[in-house]
There are 2 protein chains.
Amino acid sequence: MNWNILEKNYNKDDYIKNETIFALANGFLGIRGSFDEGNIIGHDGTYINGFYELNDIKYGEKFKGYPSQGQTMVNVANTKRVNIFFDDEKFDLNTGEIIEYERNLDMREGILKREIKWRSSQGKIIRLIFERFVSFKEKGLIFYKYNIIPLNGSVKVSFESILDGGIRNYSNPDDPRVASTSETVFETIENKTLDDDLYIYQRTKRSKKEYGVYLKHRILKGDLTRKRYYSKDDSSSIIFDFNLRRNESVSIIRNAFYSLGGLNFKLFEYLKEKSEEAYENGYDYYLDYQKKYYSDFWNNCNVEIEGDDKLLQGIRFNMFHILNSTGKDGITNIAAKGLTGEGYEGHYFWDTETYILPFFIYTNPEIAKKLIEFRYNTLDKAKERALQMNHKKGALYPWRTINGYECSSYFPAGTAQYHINCDIAISIKRYFESTNDENLLVKFGAEILFETSRLWMDTGFFIDGEFRINGVTGPDEYTAIINNNYYTNIMVSESLKFSVYVYNFLKKNYNKEFIKLINKIDLMEEEVEEWINASENMFLPYDKKLQINAQDDSFLSKPVWDLEKEKNFPLLLHYHPLVLYRYQVCKQADLILAEVLLNYKFDKKQIKKDYDYYEKITTHDSSLSTCIFSIAANYIGYLEKAYNYFMMTARTDLDNHHGNTKDGIHAANMAGTWLGLTMGFGGMKVYNDNIYFEPKVPKAWKKYSFKILYKSRRIKVEVDKQYIKYSLEKGDPVNIYHFNKHILLQSSYKLKNR
Amino acid sequence: MNWNILEKNYNKDDYIKNETIFALANGFLGIRGSFDEGNIIGHDGTYINGFYELNDIKYGEKFKGYPSQGQTMVNVANTKRVNIFFDDEKFDLNTGEIIEYERNLDMREGILKREIKWRSSQGKIIRLIFERFVSFKEKGLIFYKYNIIPLNGSVKVSFESILDGGIRNYSNPDDPRVASTSETVFETIENKTLDDDLYIYQRTKRSKKEYGVYLKHRILKGDLTRKRYYSKDDSSSIIFDFNLRRNESVSIIRNAFYSLGGLNFKLFEYLKEKSEEAYENGYDYYLDYQKKYYSDFWNNCNVEIEGDDKLLQGIRFNMFHILNSTGKDGITNIAAKGLTGEGYEGHYFWDTETYILPFFIYTNPEIAKKLIEFRYNTLDKAKERALQMNHKKGALYPWRTINGYECSSYFPAGTAQYHINCDIAISIKRYFESTNDENLLVKFGAEILFETSRLWMDTGFFIDGEFRINGVTGPDEYTAIINNNYYTNIMVSESLKFSVYVYNFLKKNYNKEFIKLINKIDLMEEEVEEWINASENMFLPYDKKLQINAQDDSFLSKPVWDLEKEKNFPLLLHYHPLVLYRYQVCKQADLILAEVLLNYKFDKKQIKKDYDYYEKITTHDSSLSTCIFSIAANYIGYLEKAYNYFMMTARTDLDNHHGNTKDGIHAANMAGTWLGLTMGFGGMKVYNDNIYFEPKVPKAWKKYSFKILYKSRRIKVEVDKQYIKYSLEKGDPVNIYHFNKHILLQSSYKLKNR
């Protein structure tokens, strides 16, 4: 069962949440797991990665540098909707009687299947089988398949296939985590009905983004008695009528092809041709590719856990959705909610670099590279943003964006999170250390590094020889606009150091490209010297009395929020920000995150002291927190805590821990699960041109395993109570370290577990 | 000339600014100084104090406790508009030729007069005389008077009198200091034309506030040849046609009567009757009252300066507008821009208590009392607000409001300015110390004091025996959400102390009322003990190295903004708030303000050190700043600086120092001028049940004088280079101090100036 998500009953209360759980996507196109036949509840959705509408951000008081336009991922035309009538009675799970019900998401193939035995109020018993998948072979393609069999007598079946361009986004003005308004964003340019096909071509009103979709139908089986067409401004449908006798089936395949449009692009001709090709190749052809694609994916990154199937299911579910939701073309990224819902308006955050990239770096570096490329492609906009924010030079990446422009409207927990800049820089470092991909540094990395480094020099300042950074917000959003956030400062220090390394590396090894680059961006040697100076003399707040690192300059002077007595979680929905800012209370890992990401810089004793202090005041109201606490707990030998936090992380969406899975998956948290397993229990660290493991097994598990791609080698790590085994599944022999013991891994190596 | 504001030429570029300068008001009703005949530029306005429309405050991300509704003072129906045609050519100063022009605001009478000799493009030369005043006798009443004489031949005159209910508010989405949107806010309930009268009755769409206005006409002189009527949904007019021969005049009086409406109130009947009464009594009757009213006002507060007429004019201009703009009924207050423009949406701020109240306390305590009463009348709303802001009890006054509910949308420089609470408390102390009005304490003051004190106990906390207040913003809006703002902490300390005093005073002297009150608000003796404890152990940040008081915990650790090199003022229009927050840079007096308001708590040496430090980093981008620096400079003997800052203050609006006088007067700054003269040059301080003077004369002046009402005595202080003279103009003999020398002032007392 751990390769599948099974739903055995239709439960109306879970429906909206399950639209997210059963969502499918391929990184370009995503559809929510809504019922084909619709439902009076729920919020159906179809999304194209990077496809957004612009909107005015309204402010009661607007200040200099506030972004005036926001971007919202739009819900595009729905192709999954059908209406099915049996003797003119509409099939609907909320009426009639459900005799059997099963929904099954197969994560090895990416196919969602639903089998139902239903009795209409007129007493007709029907078996219905629904299948769908979003193709990895053709990124615009979705297949839907239907099988309908009357089981207790003849029935007239009307099957209406709908192409609905009249959709809207979901909104809730009182929840800061979802969009506040919803309007029709499209104008329909073409809306056609042709033989058995439907076509729509729409353009967003403000961003002027175009897309179209072409929907074809193939009746595999069934006696068609009549065909009817309907068309409105922004939707159309075909109704196929059948007369079925008992046990006679109708089988229909619908293939929908989505594509972006654009100037001089013959969208209709393109889509018609692609759709016909898909029609000709057929369902099974794409399904075979689908199986192969997922098989390769799992082969690179599969994990196993013996002793807890539900947990294993959760981990795989997370990896599955991360793969599906991630843009892989260098011009799109992965939204906080992936392509599964509209929470956070489809925006990309630091989640990508800090949580999701490591997963791809160590399992599929080609995708990681594409995500870094996205940042390169938006570097010019980040430079523009730096100027808007009164910086003389450098780049300031947006806290939330789709197209590269900042669109966070509450700057204390938005733009003020300057750490996005060092998160990106450190992720390049991480990528490079694990891949040695010099090409990325030369083509993209160096320029990003240099421009973000520049920004820090213009943000911070030297005082008494120390470099300080004022007026930023760290990862913890319950503490805002503070001075010398430990996380930010140490991440900046490391990123500046890496910039200097890359500067020297390119100068020596890629001098031609180096010269070209420093000329392009006018980089002076003195600037680099300042980076060294700032990096080496970075101020890091420390409390001598408590002997802990301080989250920022003023954090420890505040009163402690009594979380033991607190009942109103998440605090942000119950307390005004000002109240939160007055206390020592953290939404999420902040200092502890620095200690996890830059683990090689901290000794365990210090991490333990810090952990003991900060754990007590952390609410984990952000889903980005528990995985980090799990990893840190593993470092310092708090195995039970490590296990408990990991368990809270692994099934966050499957078990709806935050109560808002309906708005989409928690993508960063999902990747965090994998980090928790590998960096936490596996004790995997990459630094100083080496890879280290310190595996531990939680009591509850018999055995677990994971795989790491490191410098083109695939290393499998298997851990049980007695033994730890390292296998080289791919690539040349490689040096690894096991609890500081050096091993030259040639094929496999087995050690006793301590 | 120093009793008048004269405009000798019509200058289009000054027109909008002068709409503010020549505005008239009586505390209830205000009209901008727009031309009666209209102008293609400008923004005409008519305002009723406390009359607002509601609007939704839009947030990109909305958090708990954010106000969802804003209030905006609305521009009500315009009665000043007339169209005058000479031989069908519209009179307009932008066409034809202006031969003579003079506009004269007489501040002794509150009358605005305009005399024009104008040649039409057809060559007709006409003399026009316009007069208007807003009555102090009847708060709803405005009189307009017109005299028209053709000087070089016969002319046909058409005089159209308009009642225009189709007006809108001014808006600018990019300036945080004015409203961001403008919509029609009214529905018109009645719009009547009756004989020579016009009437309109309107209701705001959301706040459901009603008002009406009745406009009557009296032709004093002139041969009426025809009358015509026009009426639209929300406006109406009457056209009077005359045939005039050379040197024959037409003289017309219009009286407009405004009133609020409401359930079961026969507004039309009421207004008709009041208008007829006004019509019968006639122009001169109200004018006489007007003169008397202003005469009494000036008699209580007149200042004189020999040696600088422009300055004297500026000071009187400021006092004039403060009087006019202040609500005097206990249910309205004074907006930041008075009743002269729509800047800051007509909101009331701390400006009232900190700047404007002292002026009234020492010249017209009855008005001061009414302003305090306003806060009492909105106390329940402040208690509601405290709960919204997660406080268990107490009252939190709104940073900006009309109806008592918070409507600031940017909380870091809005709601976070909790100091509004202690500003109100300290103003009650100031009022009481100068009036000994126990009645106010019993009726209003004590409850305000107790509830605001409670709030502080729930906001701050004890650490190592010291009381600290985190997460607030002080007066300086270029520094936000900080810990232990010196100003706030010391003001809170003083206000808690005063609360304890009032608690004991009432307990002893008004025990019945005391018992009733503490039962009503459930006040415990232990709470009062905590007030004592907090007050006595208030933490006040001090920098040992610099030997200065620190604006807050972190302020002095920031880099200093180099104001000498800076050219972009006001900074807030050129820099993102985050950038401002990173530096030592002040929008306005903050610590220095505390040292002025609580001057008796500071020694001059310390003020001097603080002044020397903070002056360098203060931009005075707020108009609330220079008057305070002037006063502080006087304390420490920086006479030249005191003089210069005073000069920057005194004519802020007349000379449009901030470039935005068009949006309305800077009311707090205006009152600040008077404070600068009396508290600054006069060295007037009231504390320990005594009044102190330490007068100094700036070099540029020969002599100056001012008057102070103190415990029902009116004291006149005259200062020249040789002598200082104290005269008791009214009341029993009183103890005063002159440079710590005790004087029992019986009639007058003259000393040599040192």
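Note: Cβ is positioned from N, Cα and C throughout, glycine not excepted.
According to TrEMBL, the features are:
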DOMAIN    A:7-254  domain 'Glycoside hydrolase family 65 N-terminal'
DOMAIN    A:316-674  domain 'Glycoside hydrolase family 65 central catalytic'
BINDING   A:W350, A:D351, A:K587, A:Q588  substrate binding site
ACT_SITE  A:E477  active site, proton donor
DOMAIN    A:684-744  domain 'Glycoside hydrolase family 65 C-terminal'
Next item on the list: Measure between the Cα atoms of every pair in A:W350, A:D351, A:K587, A:Q588, the residues the record assigns to substrate, and report the largest value in Å, rounded to a whole number.
Entry: 16
Item checked: Those binding-site residues, out of A:W350, A:D351, A:Q588, that come within 10 angstroms of A:E477 (active site, proton donor) at the Cα -> A:Q588
Next item on the list: Let me know the model's mean pLDDT on the domain 'Glycoside hydrolase family 65 C-terminal' (A:684-744).
Entry: 96
Next item on the list: Might you list, by sequence position, any residue in that chain lying six or more from A:W350 (substrate binding site) with a Cβ less than 8 Å away from its Cβ?
Entry: A:W399, A:Q417, A:H419, A:I420, A:D423, A:I424, A:P475
Checklist line | Residue among the recorded positions A:D351, A:E477, A:K587, A:Q588 whose Cβ has the most other Cβ atoms within 10 Å | finding: A:D351
Note to self: Can you tell me whether DSSP puts A:K587 (substrate binding site) in helix, strand or coil?
What the structure shows: coil
Next item on the list: Taking the recorded substrate site as A:W350, A:D351, A:K587, A:Q588, identify the other residues of that chain whose CB atom sits within 8 Å of the mean position of the site's CB atoms, giving them in sequence order.
Entry: A:F349, A:T354, A:P475, A:E477, A:S622, A:L624, A:S625, A:A668
Next item on the list: Look up A:D351 (substrate binding site) in the DSSP assignment and reduce it to helix, strand or coil.
Entry: helix
Notebook entry, point to check: Which numbers of helix, strand and coil residues does DSSP report for the domain 'Glycoside hydrolase family 65 C-terminal' (A:684-744)?
Noted result: 0 helix, 40 strand, 21 coil
